[in-house]
Amino acid sequence: MAKENCSTVTQFILLGLPDVPKLRVPLFLVFLLIYGVTVLANLGMVALIQLSSHLYTPMYFFLSHLSFVDFCYSTIIVPKILANIFSKDKAISFQGCMVQLYLFCTYAITEVFLLAVMAYDCFVAICNPLLYMVIMSQKLCAELVSGCYLLASVSAVIHLCLTLDIPGYKSNVINHFFCDLPPLLNLACSDVTVNEVLLFIVVNFNEVITIIILTSYLFILITILKMRSAEGRHKTFSTCASHLTAIVIFHGTILFIY
């Protein structure tokens, strides 16, 4: 397909990784190892939480959904990358590309909301421990998680509809590992200002959530420093440190890429 021509496409070509024969096996093994660890860790976490009655707490309830979401969007992307490493045909159908885009947006945005909910849960647990189980009731936890999935799905549908409205593309070659929104918009022939503005709003909303999360952790830190017991401070800080690390890595990656 000539780059100057604008037309509809029936499939896209995912360039992905550089096609260097000597690197195929090492890259395949590295990605397979990472994916295997991701699947085992996340599904193992979900199974452990479901099977252990003493883990039926709001924190682990949210963690099980976070693990499930991590598993889902890893599975949406990595198997296709593994298949393309050894395949000469790196094509993905237009329909398959749109499905991948929708599912990735859904689970990625769900994770943004889940991390915010987990920060709120941590804030209540440390700053208001006496009312923790009253505030974080089973009903509220279910509503918060349902809200995360619902809002993410609606946002993903909007992105998908605007992408499907693009009449033609300059090329069907995507310089990326999977069907992500920015590479698709770069190939569009028509004006995609609305798509770009929406993406800008979503990304900046994500950073607003980051600021809210970090603000809640500031209050958590103040509460921890007020604790008289050094052991209590260490235990409380270690509980939130892993979550804070995940937030910084996840949101930092989004800010860098988008």
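Each residue, glycine too, has its Cβ placed from N, Cα and C.
Features as listed in TrEMBL:
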- 41-258: domain 'G-protein coupled receptors family 1 profile' (DOMAIN)
- 27-53: transmembrane segment (TRANSMEM)
- 59-79: transmembrane segment (TRANSMEM)
- 91-109: transmembrane segment (TRANSMEM)
- 147-166: transmembrane segment (TRANSMEM)
- 197-225: transmembrane segment (TRANSMEM)
- 237-257: transmembrane segment (TRANSMEM)
Which of 27-53, 59-79, 91-109, 197-225 contacts the transmembrane segment (147-166) most, counting Cβ pairs under 8 Å: 91-109
Beyond the flanks of the transmembrane segment (91-109) by at least 6 residues, Cβ under 8 Å: 9-14, 69, 72-73, 76-77, 80, 149, 151-153, 155-157, 159-160, 163-164, 178-181, 184, 202, 254
